[in-house]
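Peer 1: The structure is given below, and queries will be raised subsequently.
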Amino acid sequence: MLQTLYDYFWWERLWLPVNLTWADLEDKDGRVYAKASDLYITLPLALLFLVIRYFFELYVATPLAALLNVKEKTRLRAPPNATLEHFYQTSGKQPKQVEVDLLSRQSGLSGRQVERWFRRRRNQDRPSLLKKFREASWRFTYYLIAFVAGMAVTVDKPWFYDLRKVWEGYPIQSIIPSQYWYYMIELSFYWSLLFSIASDVKRKDFKEQIIHHVATIILLCFSWFANYVRAGTLIMALHDASDYLLESAKMFNYAGWKNTCNNLFIVFAIVFIITRLVIMPFWILHCTMIYPLELYPAFFGYYFFNFMMAVLQMLHIFWAYFILRMAHKFITGKLIEDERSDREETESSEGEETAAGAGAKSRLLANGHPILNNNHPKND
């Protein structure tokens, strides 16, 4: 049965146009073609990325944070309380008023003390400013290098300027070492993002992040299997064009450089809209949906690839909505902070802030300006 499933999975009609077989893509006459076995290396490379990231954050990002004067906020810790901790872990982090009253009776604390405990406990679980800065530094470094590498791999190719050449001779298109390594490194990086997502800074579009990472990995794997390598390299280079701008804006945001952060955000928003909402649908998607049909009848691989492209495009539209809304409020002077951000909760509104707490709050508010996230925009 397993052999039957294996044979069906690799059935040529799922992956290749009619009248073509895997034998047509065997290496010969010095020409090398993409193979599924090539991707085995991406998993150990993903683990290597995690190791490199650890040392980068420790020996590069942390000293850089100190140089830019990235300061932590002093957080008041919730005192140990077994009753409240059990509820926090099992029932929820934000109890309703009726639950606050019940917990007050069970713990012997006043309702106000219970609410204060949960605020402090939630703040304990929020990532520190240094953690956010180190994560943004790592992603900025990778995305900048990846964008430069992507341009180097694609800009001298004829299909960079004439998208019809993406399909010229398809699928009998050999690959060169630069394309191979560009694919392996990009796929390895996205594997590493998926592996570390549970420990990374969790934002409110966490589910969209997972969908994006999974869709990207599937697209990269499928495009390699089916030898959509020319289209794949263009898509990766286009995606990396805006990500490093976003991560650099976040770094300056955490460092308190408001003007630099805001200016970089505006540049990021412009580049994101141009690349994801203009070039992607009207050039790249047109290239992958229309041009292949001029050469071959539609086949499963054609539909599957373009379906996954449509999933990515929907995520682009989702994120662009928030970017444009933020940009509008930013321009009109109404934006105080990112509406979707996971804000630190303060106690000053209820008159509970001590002198030390007030000092900490003033440091927090100095960091209250807009920023989005990553390979796909998210919020801090």
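Placed from the backbone N, Cα and C atoms, the Cβ positions cover glycine too.
Pulled these from Swiss-Prot:
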TRANSMEM  41-61  transmembrane segment
REGION    67-128  region 'Homeobox-like'
DOMAIN    131-332  domain 'TLC'
TRANSMEM  140-160  transmembrane segment
TRANSMEM  175-195  transmembrane segment
TRANSMEM  209-229  transmembrane segment
TRANSMEM  264-284  transmembrane segment
TRANSMEM  304-324  transmembrane segment
COMPBIAS  344-353  compositional bias 'Acidic residues'
MOD_RES   Thr346  phosphothreonine
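Thinking about packing and proximity, how do these listed features fit into the structure?
Peer 2: Same-chain residues lying 6+ beyond the ends of the transmembrane segment (140-160) with a Cβ under 8 Å from its Cβ atoms: 56, 60, 166, 168, 178-179, 182, 185-186, 189, 230, 233-234, 236-237, 240-241, 243-244, 247-248, 250-251, 375.
Same-chain residues lying 6+ beyond the ends of the transmembrane segment (175-195) with a Cβ under 8 Å from its Cβ atoms: 32-34, 38-39, 41-43, 45-50, 53, 142, 146, 149-150, 152-153, 210, 213-214, 216-217, 220-221, 224, 229, 232-233, 236, 375.
Same-chain neighbours of the transmembrane segment (264-284): 163, 231, 234-235, 238-239, 241-242, 245-246, 248-249, 252, 309, 313, 316-317, 319-320, 323-324, 326-327, 330, 370-372, 377, counting only residues six or more beyond its ends whose CB sits under 8 Å from a CB of the stretch.
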Peer 1: With DSSP helix as H/G/I and strand as E/B, how many residues of the region 'Homeobox-like' (67-128) fall in helix, strand and coil?
Peer 2: 36 helix, 0 strand, 26 coil
